[in-house]
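Right, one structure below, let's go through it.
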Amino acid sequence: MSQFLDFIPKIPVADSVEDAMDLLTDTFAGFFDVIKKSGKFSMEFVTDFLVMIPPVLFILIIAAIAFFATKRKFGLAIFSIVGLLFIYNQGLWEELMNTITLVLFSSVIAVIIGIPLGILMSKSKVAETIIQPLLDFMQTMPGFVYLIPAVAFFGIGVVPGVFASIIFALPPVVRFTNLGIRQVPKELVEAADSYGSTGWQKLYKVELPIARPTIMAGVNQTVLLSLSMVVIASMIGAPGLGRNVLSALQQAKVGNGFVAGISLVILAIIVDRLTQSFNKKRQ
Amino acid sequence: MEKIKIENVSKIFGRHINQALKLVEQNKSKTEILKQTGATIGVYNANFTVNEGEIFVIMGLSGSGKSTLVRLLNRLIEPTSGNIYIDGENISKMNKKQLINVRREKMSMVFQNFGLFPHRTVLANTEFGLEIRGISKEERRLKAEKALNNAGLLPYKDQLPGQLSGGMQQRVGLARALANDPDILLMDEAFSALDPLIRKDMQDELLDLQQKVRKTIIFITHDLNEALRIGDRIALMKDGEIIQIGTGEEILTNPANDYVRTFLEDVDRSKVLTVENAMIRPISLNIDIDGPKVALQRMREEEVSVLLAVNKLREFKGYITADDALEASKKGENSVINYVRTDMPIVPPEMYIQDVLGIISDSKTPLAVVQEEKLVGVLIRGVVIEALSSSDENEGVTENVSIS
């Protein structure tokens, strides 16, 4: 029986994917290089700027935003102050800023790509049948796998880290945008149509505003996913808190790993609550 | 003048539409088409015309295709075949741009669940149609505020629709449609989601409004009483087919077939008839002027034993019995004011007979029909029963139709 199975020679999937990657890398080398250089430049610029802000001022700004975003409640504001002070106290301030830059770039780019894709999906059945399986694929593929093309295209450093994070964090915002627009009550779509709206008018004046809470839930998920890629991205040289977790792992230093891990959790909680409260506030 | 004309319009849902269409052209029945092709007929070969300024009611049970039919008029649903003319222009042949213009300028739609945008204020909702047309901010605000003012909703303009009651929301829906100043109003079960009392108010308001603005109104409903109340003409639909078109009276007196007849049996006469239809002329006495002698004289003249007491403004004050008038006369009094009894129940003229039945059976006296404090009629038990039982001849109902 096994002879029969062995009758079919191994299909060279791995080889052909590699060939295709090589081809891509070679053909678009100039393009990738431009992206890498400009990306690295702008991210370093943002990180430098963040590091330049006095930590006390930075903490106070975050606390103030948290205070007003949560309808003048003290909970999140106090948590932000204590948490950020803790990170500063542990000497992880610069790493924190690096991580924030990475999350900022990857989630903003993911949202910029994701929302139009979601809109396209909601409007076109063809687009939906093509994009849906791609999203399933992206979500089930382990995050590590994205590191390989990232390295192939961009070498090592922060840019491939952002690239891998974008791919990893993209699906929720696309799915939620699609869902949000499709869930707009039929009667409201009919109302928009019956008054003679063009497609764009309908989208801007009715569908997007009504779908916004759902889209924002997707944005929130995307931000958190890109944060969760931080550690994995550090394997290809992206700077930040992830690198500390990684080196603690490699050297089996439980204490260091714990501190860096807890710092990531603090950042995640602040980011999550902030994005959620922006959503609630506007409803 | 002819405003809307529908010619052989059909809508078929599902697959094998072309095949189904051929069968429609061969006048095959709906079940036959469903059996052969699996396609469902939404609207089957509809033909009618609507005149300018008319309230045309399309009535049918759920699934009869009435909502589909109204959506064919503005092509929210694309007709499979047939022609739809508005002001002589063929809507069904228009391209996207022309269609958008017709939707913007010629017709507005009012929806069953109001179709208000929850993220926009009442004012912004009312402005919607004008905004879509690209009318300047000042002008659309002015028009929208005027429309809201007519609906009595101007004080609520900055609230969100969710903060208003159902009746008020639908007034906003109507104001939004009217702000656009369309020729045609499409009203899809516009009042069906409202509770009965509010619904009746809204029907009255629509009729009042129609007196003023004279729009061409296509009104969809599943409620025959509503259709009879507001429709100039009614089209009855069943399974996507229009089975009868006519005035309420024509349909009631001359049902086209058994289906219409059974449908009409659902009409509860007591729900259609109002006090106004059954009340009779009151025999009254002006108690500010007339004394007991005049009272007794009038009772003899009219052969009654009770007079309704009014003041010189014809405001209802109570009633006087023959015994009391006689006693006052014996005592030599000049006025009967002290003998006026006030235990007579009062009902408004627009109240349904159904709601009066309980009151009239509990009351020893007839009922006074009072509108804005003025006495307008009197309701006697015998007349009420007569009105209800005249259903066999359909007299009561048709009378009501002509009044409303």
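Cβ coordinates come from backbone N, Cα and C, glycine included.
Quick caveat, the model's predicted, so the values are computed rather than measured.
As written in TrEMBL, here are the features:
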| type | residues | note |
| --- | --- | --- |
| TRANSMEM | A:49-69 | transmembrane segment |
| TRANSMEM | A:76-93 | transmembrane segment |
| DOMAIN | A:96-275 | domain 'ABC transmembrane type-1' |
| TRANSMEM | A:99-122 | transmembrane segment |
| TRANSMEM | A:143-170 | transmembrane segment |
| TRANSMEM | A:223-242 | transmembrane segment |
| TRANSMEM | A:254-271 | transmembrane segment |
- line: Counting only residues at least 6 beyond its ends, the same-chain positions whose CB falls under 8 A of a CB in the transmembrane segment (A:76-93) are 51, 55, 58-60, 62-64, 66-67, 69-70, 241, 244, 259-260, 262-263, 266-267, 269-270, 273-274, 277
Field: Residues from the same chain, set at least six apart from the ends of the transmembrane segment (A:143-170), whose C-beta lies under 8 A from its own
entry: 21, 24-25, 28, 32, 35-36, 39-40, 43-44, 98, 101-103, 105-107, 109-110, 113-114, 117, 135, 222-223, 225-226, 229-230, 232-239
Chain residues outside the transmembrane segment (A:49-69) and at least six past its termini with a C-beta under 8 angstroms from it: 76-81, 84-85, 88, 93-94, 97, 100-101, 270, 273-274, 277-278, 281
